[in-house]
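Notes follow once the structure below has been shown.
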Amino acid sequence: MNLNNLENIRYNEIKEFSDKIKKEFTFSQKKQVMDIIEKLNKDSRKNVIKLGQALEKFLNKYEEELKRTNNMYNFDRRYGNNYLIAGVDEVGRGPLAGPIVAAAVVLDLNVEEMQRVFNIKDSKKLSEKKREELDIIIREKAISYNIALVDNKTIDERGISWSNNEVLKRAVEGLKVKPDLVLSDGYAVKNLNIRNEFIIKGDSKSISIASSSIIAKVYRDSMMKEYSKGLNMYGFNHNAGYGTEEHVQAIKKHGPSKIHRMSFLTNIL
């Protein structure tokens, strides 16, 4: 759109153009968008000026996200630019039902800035829709990824601590490439024959750990929704097996299902 005669362009057309910029924006267009913002801010119409202000706010937010993402990539790269680094994380340690799931992800940490995966953070801080969108992008861009699980019966037999370590180990060992380094969230993975560094609050610092957190979360939530189709009385589709009041009352009323962790129900039954 040619904005040289901006005063002659209807507001709705300008808004449609502004919305398109937000949807299709890439950082290479920054200067062009800044010029557009300047023109919008000089318009005599208040609603057009507000479009310019909104576009400027969008650009600032984009730059903040770019900086945050770059910091997460750089955090991993500091271990070695030419290293294959895997991030590994688990989800489902605390639920009363279902498996514990882990994912390991190896990203290309040396891709150009605009080829990086944006908006990645701790999976718990993302909406379900955003997690599912990022899950697809991460899988497409990863050099390798692997998902592993330990089911509820094994958790009962071996205990949650063993199961937690085992699922992380399986996730890493199932990768199609062998990483030079494994970054884990919070604590080290025992009996792993690969160099391992644990990062406190790693899912908010490391791009590799945060990516694995998202893949594990989306995979497990999907599993629990499938289980819910045959066990809808427990509400697995929205509680993911965690001990909500609704879930606890359903266990007391209907008894445990085949996917409940009996060792977690001693105070309920």
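Placement of Cβ uses the backbone N, Cα and C atoms for every residue, glycine included.
Listed in Swiss-Prot:
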{"type": "BINDING", "residues": "D89, E90, D185", "note": "divalent metal cation binding site"}
{"type": "DOMAIN", "residues": "83-269", "note": "domain 'RNase H type-2'"}
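Excluding the listed site residues D89, E90, D185, the same chain places V88, V91, A102, L168, S184, G186, G202, D203, I209, S212, S213, A216 with Cβ atoms within 8 Å of the centre of the divalent metal cation site Cβ atoms. Most buried of the binding-site residues E90, D185, judged by other Cβ atoms within 10 Å, is E90.
Around D89 (divalent metal cation binding site), a 10 Å sphere centred on its CB holds 30 further CB atoms from the protein chains shown.
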